[in-house]
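According to TrEMBL, the protein carries these features:
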TRANSMEM  7-25  transmembrane segment
TRANSMEM  45-72  transmembrane segment
TRANSMEM  84-102  transmembrane segment
TRANSMEM  114-132  transmembrane segment
TRANSMEM  144-165  transmembrane segment
TRANSMEM  185-202  transmembrane segment
């Protein structure tokens, strides 16, 4: 795609998104300025530091996967098509996880009457579908890192389900596995994409 055509699509797409959100907010009876509210400022920089770190780690996989996909899809070799689809599926899956963590979609679903166990079950099914559909490609990667990350995340979810009376302790015990989990998952996709790009460069310039 020519650079200026991509520029037109990018800016046009964002303008349409802003217009749609503005219209929705107006119809909801809210102020448009709510769309541009800054995150809450805390009195000390350490407050929420690990939450912010977790969200930044969540952003790594979809970004590197999308970048890698943009390179692989121009690969002329047909044998790379399965890897390209795997990278795209990974970008979409991890991107959805990132959106959930930023916009707290599961909390809004719970508030609308959909119980947390149901939400967790839906996410588990989506994860299972991703793992099953991409299993052949995953088995060709250092997948133990991915399994470690998912396993640690399951520990964090399990701690949250214990309903410990001390909410502060629950948040702390749940938060540590979440950060460690996402660090491992980010490392996994970083390695996968780095290897894919190396093969792409080798085929491109060999």
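Just so you know, glycine gets a Cβ as well, placed from its N, Cα and C.
TrEMBL entries are annotated by machine, without manual review.
Remote same-chain residues near the transmembrane segment (185-202) are listed as 57-58, 60-61, 64-65, 67-68, 71-72, 75, 80, 83, 87, 90, 94, 141-143, 145-146, 149-150, 153 (criterion: CB distance under 8 Å, separation of at least six residues from the stretch ends). Packing against the transmembrane segment (114-132) from elsewhere in the chain are residues 89-90, 93, 96, 100, 106, 138, 150, 157: each is 6 or more residues past its ends and has a CB under 8 Å from a CB in it.
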